[in-house]
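Visitor: Sending over a structure as structure tokens; questions will come in a sec.
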């Protein structure tokens, strides 16, 4: 699994930080979280294939998180896309996509399925054999969501148990692997009888724009998340601004990481007011002095982070 930060800025882009967008590559598929202006151009400088984007997750409908959609949707149409594209987002996402498709002379021939999430509670929005995705309602100036991507690990076959039960490699073992029970010497054998608990999979949370939420941290902990991408629009001296605009400071994000039990936190959505990251780095040093076990990084545009 690999995370690529396409844009790590906030409301106003800078020379060094584009509007928010994050790519997550898993099992040959690309999952895109937010799509700020310039996303499709940022992709050019990475190994992200826009044609492999099947799911786009929008945290909220502020322009800095969605204005890259019109260009991206049309560009992949020009490249010959035919397979459906799923777009997930909060209330009014359907209307926004309708407006995008109604402006200009678009030639989009592939299906776009829009999934509007209005739930005020956490929701599992995708479930497959290999991964699941959850939405979590957060607090911002407009309806907003956080997302969690979780790898699904299957139980591991315990060959010692298989041997002990006298199951030979063949049809019976295949049926067990497929989830069916097998009768052997008058005894019913189930998959649980011959497997070990699955290993812990990779789990990544993305806060979107939000105030620090203890409840979100608890949700991440419940899902056993090991990586958190959290907005850090301001440094802690701007705490008042963060509260007024319903954003988070770097210290807020770090504290949420600690509460959630993750091993890594990646800070993003940095305000254009900062010419350097000294204030953020000082907060990280203070935090690491008491929490050395947590890996902290400030994301930069086009930065890649691999997870195993």
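Each residue, glycine too, has its Cβ placed from N, Cα and C.
Heads up, here are the entries from Swiss-Prot:
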- 64: active site, proton acceptor (ACT_SITE)
- 60, 62, 140, 209: Zn(2+) 1 binding site (BINDING)
- 64, 65, 209, 269: Zn(2+) 2 binding site (BINDING)
Visitor: Near residue 62 (Zn(2+) 1 binding site), which residues of its own chain have a C-beta under 8 A away, given they sit six or more steps off in sequence?
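Guide: Expected: 11, 142, 209.
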Visitor: Which residue among the recorded positions 64, 209 has the fewest other Cβ atoms within 10 Å of its Cβ, if you could check?
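Guide: Among the recorded positions 64, 209, the sparsest Cβ neighbourhood within 10 Å belongs to 64.
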Visitor: Report, in whole Å, the straight Cα-to-Cα distance of residue 269 (Zn(2+) 2 binding site) from residue 64 (active site, proton acceptor).
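Guide: The Cα atom of residue 64 (active site, proton acceptor) is 10 Å away from the Cα atom of residue 269 (Zn(2+) 2 binding site).
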Visitor: Where's the emptiest Cβ shell within 10 Å among the binding-site residues 65, 140?
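Guide: Among the binding-site residues 65, 140, the lowest count of other Cβ atoms within 10 Å belongs to 140.
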Visitor: Which residues, same chain and not among 64, 65, 209, 269, have a CB within 8 angstroms of the centroid of the CB atoms at the recorded Zn(2+) 2 site?
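Guide: Neighbours found: 10, 11, 19, 20, 34, 36, 59, 60, 62, 208, 231.
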Visitor: Between residue 65 (Zn(2+) 2 binding site) and residue 140 (Zn(2+) 1 binding site), how far is it from one CA atom to the other, in Å?
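Guide: Given the Cα positions, residue 65 (Zn(2+) 2 binding site) is 13 Å from residue 140 (Zn(2+) 1 binding site).
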Visitor: Quick one: give me the count of other CB atoms within 10 A of the CB of residue 269 (Zn(2+) 2 binding site).
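Guide: Neighbour count, Cβ to Cβ under the 10 Å cut-off: 29.
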Visitor: Write down the Cα-Cα distance for residue 269 (Zn(2+) 2 binding site) and residue 60 (Zn(2+) 1 binding site), rounded and given in Å.
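Guide: That comes out at 14 Å between the alpha carbons.
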Visitor: How big is the gap, in Å, between the Cα of residue 140 (Zn(2+) 1 binding site) and that of residue 269 (Zn(2+) 2 binding site), rounded to a whole number?
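Guide: Their Cα atoms are separated by 14 Å.
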Visitor: Can you name every residue in this chain, apart from 60, 62, 140, 209, with its Cβ inside 8 Å of the center of the Cβ atoms of the recorded Zn(2+) 1 site?
Guide: 59, 61, 65, 141, 142, 144, 208, 210, 246
Visitor: What does DSSP assign the residue listed as 'active site, proton acceptor', in three states?
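Guide: Where the residue listed as 'active site, proton acceptor' sits, the three-state DSSP reduction gives helix.
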